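Quick look at what TrEMBL annotates:
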DOMAIN    A:4-183  domain 'Cytochrome c assembly protein'
TRANSMEM  A:20-41  transmembrane segment
TRANSMEM  A:61-81  transmembrane segment
TRANSMEM  A:93-112  transmembrane segment
TRANSMEM  A:127-147  transmembrane segment
TRANSMEM  A:159-179  transmembrane segment
TRANSMEM  A:199-221  transmembrane segment
Amino acid sequence: MSIWEYANPVKFIRTTDKVLPWISVGAVLCLVTGLVWGFFFTPDDFRQGSTVKIFYLHVPAAMMAINAWVMMLVASLVWIIRRHHVSALAARAAAPVGATFTIIALATGALWGQPMWGTWWAWDPRLTSFLVLFLFYLGYMALWAAIENDDTAADLTSILCLVGSVFAILSRYAVLFWNQGLHQGASLSLDKEENVADVFWYPALVCIAGFVLLFIALVFLRTQTEIRARRARALMARERQA
Amino acid sequence: MIPDLGKYAFAVLASYGVGLGLLAVLVIASIARSRRVRAELEQIEERSKRPHG
């Protein structure tokens, strides 16, 4: 069995139909467990007080905002190299999900920043690169919507996705590249010394799992929708020609 | 029931409100569009199966 079998739209829909309910239930369970655990059953941080509870939404959303773009990049490359329509449609399907995660990261970051830094916004490297990433999401979605021919739209949005990947990488490593911003370095690390305390780490891990599963579920659902919408457009075009 | 959030109550509650609200909008919009497109496609396929003339 090869992964390219799933480039067949019928096979993709049939397979994702089977796994979608399980992934959705997993996403809801992880999100509810992680957020309830984090909100109700974790202590305040000795420096940041109760604002540490924003961590459980802000960090998973920010991680997935970047990872969604990386997934779109891989799907775009598959489209450019192998011309599989499902991969281009999967990239299109992921964009609104990634954009929403980016807004959540920006909004919760502003709400967290105000009491901690004394400002809602600063032109800090990480914040600025995240804002640019959000603008790339908007541009990507607008480009898909603006071009009638699906293949041309897939070609141009794939190129835009390649360019935007620079900002997705910058968003992740901006703190390391320019060390003068307000934003702290990564809160999560495989190095136990640098990682957040276990009492915050475990619920955060469950929330991250929830965001990952939610992303997968939404991308599967939205890709199915894009495949059906594309078929509907093709049938209508055939009707008009008949 | 709600833990004592002290002087940061607004920041924490607003974050959860905005975050969960946006997630809910995204999920509802995705499901609604999926249902609408599926119904539209079924209608078009039905129409295209009918004999012409």
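Using the three backbone atoms N, Cα and C, a Cβ is placed for every residue, glycine included.
Automatic, uncurated: that is what TrEMBL annotation is.
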Range from A:20-41, A:61-81, A:93-112, A:127-147 with most C-beta pairs under 8 A to the transmembrane segment (A:199-221): A:20-41
Where does the mean pLDDT land for the domain 'Cytochrome c assembly protein' (A:4-183)? 92
Contacting positions for the transmembrane segment (A:20-41) when only residues 6+ beyond its ends and CB under 8 Å are counted: 53, 55-57, 200, 202-211, 213-214, 216-217, 220-221
